[in-house]
Every structure is written in C-alpha cells, then in structure tokens.
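Q: Questions regarding the structure given below will be posed in turn.
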Amino acid sequence: MAIKVHGSPMSTATMRVAACLIEKELDFEFVPVDMASGEHKKHPYLSLNPFGQVPAFEDGDLKLFESRAITQYIAHVYADNGYQLILQDPKKMPSMSVWMEVEGQKFEPPATKLTWELGIKPIIGMTTDDAAVKESEAQLSKVLDIYETQLAESKYLGGDSFTLVDLHHIPNIYYLMSSKVKEVFDSRPRVSAWCADILARPAWVKGLEKLQK
C-alpha cells in the first residue's frame, strides 16, 4: 500500500514530513486537508490524528501523527533508501539526539511563533502582533547565538553530515528567510551559510513543489 501524507501545503509540519520522504526517495500520496473548513477537527480525520492537527501519516496499516515522530520512523525503517538521515555510529548518535531536542525545545517555540505572525497571518488576512514578534525574535536570537558557536565545530548541527536535526529546522527557516527576521540569521555568518545550504537541498525544493501542485 502507498504511503499517504494528510496535511496542508502551508503547514511547516507537513513540509517536514514531505522533505524527509523525498530525501529517502520514497513515493507518497499527498492528501490535502481543508483546514479552513475545519476538516482536521472532524471525523474521519480525527481517526488519523486525534489531536486534530496536521499532518497524519499512513504506511500500509500503520498510522502515525506528530511530524518528528514520523520523520524518525521514515529514517529508521527506510534506512537503506535514499540519503542517510540518521547517524548510525553509537558514539555520534548522542550529539544528533541532543540537537534534535534543542530544535524541538529551544528553536521551535520562537520560530513557530514568528512563522505564524510573519509568514502565515499576512497570507490569511490577519494582523501581526508586533509585541509577540519582538519577544520571539529576542528568544530566537539567543538560540542562534548558540548555533553560531556550534557551527564552528561542525558543518551541520548534529555533526559533519546533514541529518534529521537540520531537516527539522528547514520549514520554519523557509518562512522566516522571507520576513524581516531574515537579518537575525544573516547577521551570524555560520548560521547564514548553514541556512543557505539546507534550503538548497533538492529534496526540500521537490517537497514544496509536490505539496503545492
């Protein structure tokens, strides 16, 4: 049975899963979820994701939700496909695990808030909360200071090869690099170079194209 991704083309979490699948050279069916009409909050969608969020993922009889859990499943189960997104060396895996936690716990909260305020709200006709932007930008700046130091030690955040750590960052960075917060990234040379590198990955570009068809 085909892999299916239920989600929204605008959703950073949906983008994350699509990019992972394409990095692994896996075919999948994208099933758009009409969030404007509240489809994600109703049955039958709630049978796929009981929290009423996107994406939801199906691989045969297996059903998953939460984008980072989905990408880890893909990277491990399909380890021999496409690009290797996990570090198999037990001595290197801990570093990757640490920075995956950093992305989810430190980077994601301010980055997601900024993506919502500066990337999504203008598209759907809502007013940006300038105070929220200022607060989140200050939080993000502190995180990126640490990233700048880490990227002096390795080419990517989890080590010297591109992994899920970096992939998980891409969707929010994609939105923010088209906003005034771009300067927060550009003012840190190593962070800026890292962003340019990961945003240029063919799998990311192909993933966007697939979701926006």
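Glycine residues also receive a Cβ, built from the backbone N, Cα and C atoms like all the rest.
From Swiss-Prot, for reference:
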DOMAIN    1-82  domain 'GST N-terminal'
BINDING   Ser11, Thr12, Ala13, His40, Lys41, Gln53, Val54, Glu66, Ser67  glutathione binding site
DOMAIN    89-213  domain 'GST C-terminal'
Q: Within 10 Å of the Cβ of Ser67 (glutathione binding site), how many other Cβ atoms can you find? Include all protein chains, please.
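A: So the Cβ neighbour count for Ser67 (glutathione binding site) comes to 25.
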Q: Which of the three DSSP-derived classes (helix, strand, coil) applies to Ser11 (glutathione binding site)?
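A: In the DSSP reduction, Ser11 (glutathione binding site) maps to coil.
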Q: Taking the Cβ of Lys41 (glutathione binding site) as reference, which residues of that chain separated by at least 6 in sequence fall under 8 Å from it?
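A: Gly52 - these are the non-local Cβ neighbours of Lys41 (glutathione binding site), listed in sequence order.
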Q: Ranked by the number of other Cβ atoms within 10 Å of their own Cβ, which of the binding-site residues Ala13, Val54 ranks first?
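A: In terms of Cβ crowding, the pick is Val54.
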Q: Taking all residues of the domain 'GST N-terminal' (1-82) together, what is their mean pLDDT?
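A: Taking every residue of the domain 'GST N-terminal' (1-82) together, the mean pLDDT is 97.
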